[in-house]
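Here the structure is laid out as structure tokens; the discussion comes afterwards.
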Amino acid sequence: MIYIWICFYLQTTLLPCSLSTRTKFAICHNTSKLHRAAYKTSRWNIPGDVGSTPPPSKLHQALCLNEHSLSCMAELPMDYEGKIKETRHLLHLKGENDPIESLIFVDATLRLGVNHHFQKEIEEILRKSYATMKSPIICEYHTLHEVSLFFRLMRQHGRYVSADVFNNFKGESGRFKEELKRDTRGLVELYEAAQLSFEGERILDEAENFSRQILHGNLAGMEDNLRRSVGNKLRYPFHTSIARFTGRNYDDDLGGMYEWGKTLRELALMDLQVERSVYQEELLQVSKWWNELGLYKKLNLARNRPFEFYTWSMVILADYINLSEQRVELTKSVAFIYLIDDIFDVYGTLDELIIFTEAVNKWDYSATDTLPENMKMCCMTLLDTINGTSQKIYEKHGYNPIDSLKTTWKSLCSAFLVEAKWSASGSLPSANEYLENEKVSSGVYVVLVHLFCLMGLGGTSRGSIELNDTQELMSSIAIIFRLWNDLGSAKNEHQNGKDGSYLNCYKKEHINLTAAQAHEHALELVAIEWKRLNKESFNLNHDSVSSFKQAALNLARMVPLMYSYDHNQRGPVLEEYVKFMLSD
């Protein structure tokens, strides 16, 4: 069964935790070979035994043996369409008769990942609710739970609601009312709503701090089920987490509270069955492409982990099961980020890395002639693959994005080269210099620009959003990723203080700062970038970009899954999620 090799692969191959292995660059003075990999914690992999990947041939055999069983699983669950119709009918009834419960119903579809079936019904419910509740005066007559839920759903769907609606829950002292401390349900939803804040919305900062402190303080006195539910929401707020991951816990929260809960749970399970079969088929396609490419044979030390490459695409596009072609094609770009990262970390001398970068900048096969054969093969195959991706986009969407795609690879290799020069020079850059370069070397721009084009955006069609309109959104995601990468790798006990992470660059500039203070500063920067990301996401309120925006947010949302380390520096939470998405 495919479940067997997935479990084996998860146990022996460490899952990715960033879009670049550069958790840090080691400071060294050896310019003949830049063996930085020996000093660093992999950003793509949660630290552990990097030499334990199963032999490619065995993995490929395991995949091929299951093609027949996978094709059998691809059949739709019994009465799948009937369950969708039943749920749609229930949602319509609630939308007509119970405004508040209809919002709870909508939230449940989002949390369980089945909202894609009911976009029309959800939009109508939100439209009606917004028309009647957007005024702070009207909100005065609703509970904390109701106002918080309304606020969050509206902001998530591009409808502006002023944070002033929460002033109704403050007393004469200007602080949140004491009686709210007993409203656990309301406080949880207030905490969730505060995750949608923009910069400068002080009341939402107060709301987050107030709700978090009270809920944390009350956890010990809660019943087991409630304590587990509240703890999960504090750790993984819905807006900043992957819906399918948090939805597993929400399934328990529904309980028997609503008559539609059972139907919705059943549909979510059917959906998951369909998604698993699709993901497994896609993984076979990725494995076939990877093995036919054969680059891991040329690059003996390159990571032979198609499962990891695919994990990124699967999670980023988890909300859109119909985008199968995009997931497979995006995985190819992820694979080359891995490969080129290994080129810069393990293979090249500084002179060779300069030639490699120039060849990519020229996008010219002949510019690779003086490179070693393995580096030459990697560069030429990159050009072939990205040219092929561009051609597929042209055939499907009618425009050729090759210039945009080439630009991302040029920028990535140039950023990698900057790191190599830093490493060779033996000095750390300033914190700002580091962050500006590292947000590019993260690979986030490569992935998101390729995804943008694969989704048919930025073409010549009237009203299409332009790639430049997404730059601030991409920048915030890249910074969030970079900082979390460095925060996660800072747990590595082998760090010596000379590695190139943001924390060490920042501490170099603030010599009296403790490690804990530097850590807190980085967390504050992450929080600021989430506020900026919220605003940019809200401003990109264009129908054509909604799927891309959700996928981009999912890239940022992967972070809490990646950095839930155990004592072995593994990521059991991410492993658990991937198992859940791919196998029973």
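Backbone N, Cα and C define each Cβ position, glycine as well.
As annotated by Swiss-Prot, transit peptide applies to 1-45, with the evidence given as sequence analysis.
Per Swiss-Prot, N-linked glycosylation site is recorded for N30 (among others).
Residues annotated as N-linked glycosylation site in Swiss-Prot: N209 (among others). In the three-state DSSP reading, N209 (N-linked glycosylation site) counts as helix. Just so you know, the Cβ of N209 (N-linked glycosylation site) picks up 13 other Cβ atoms within 10 Å once every protein chain is counted.
What Swiss-Prot records for N322 (among others) is N-linked glycosylation site. In the three-state DSSP classification, N322 (N-linked glycosylation site) falls within coil.
Annotated Mg(2+) 2 binding site per Swiss-Prot: D341, D345, in sequence order, evidence recorded as similarity to another entry.
Here Swiss-Prot flags D341, D345 as Mg(2+) 1 binding site, drawing on similarity to another entry. Packing around D341 (Mg(2+) 2 binding site) is summarised by its Cβ count: 24 other Cβ atoms lie within 10 angstroms of its Cβ, all protein chains included.
For 341-345, the entry in Swiss-Prot reads motif 'DDXXD motif'.
According to Swiss-Prot, the N-linked glycosylation site annotation covers N387 (among others). Under a cutoff of 8 A between CB atoms, and with a sequence separation of 6+ in the same chain, the neighbours of N387 (N-linked glycosylation site) are I402.
Taken from Swiss-Prot, the feature N-linked glycosylation site applies to N468 (among others). Residue density at N468 (N-linked glycosylation site): 8 other Cβ atoms are found within 10 A of its Cβ, drawing on all protein chains shown.
For N485 (Mg(2+) 3 binding site), other Cβ atoms within 10 Å of its Cβ number 28. Taken from Swiss-Prot, the feature Mg(2+) 3 binding site covers N485, S489, E493, and the record attributes it to similarity to another entry.
Residue density at N512 (N-linked glycosylation site): 6 other Cβ atoms are found within 10 A of its Cβ, drawing on all protein chains shown. Per Swiss-Prot, the feature N-linked glycosylation site maps to N512 (among others); the stated evidence is sequence analysis.
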Candidates N322, D345: member of the recorded positions with the richest Cβ shell (10 Å): D345
From recorded positions N209, N322, N468, N485, N512, the one whose Cα lies nearest D341 (Mg(2+) 2 binding site): N485
Shortest C-alpha distance to D345 (Mg(2+) 2 binding site) - which of the recorded positions N209, N322, N468, N485: N485
Distance [Cα-Cα, Å, rounded] between N485 (Mg(2+) 3 binding site) and N209 (N-linked glycosylation site): 25
N209 (N-linked glycosylation site) and N468 (N-linked glycosylation site), Cα-Cα, nearest whole angstrom: 35
Secondary structure content, the motif 'DDXXD motif' (341-345) (per DSSP, counts of residues): 5 helix, 0 strand, 0 coil
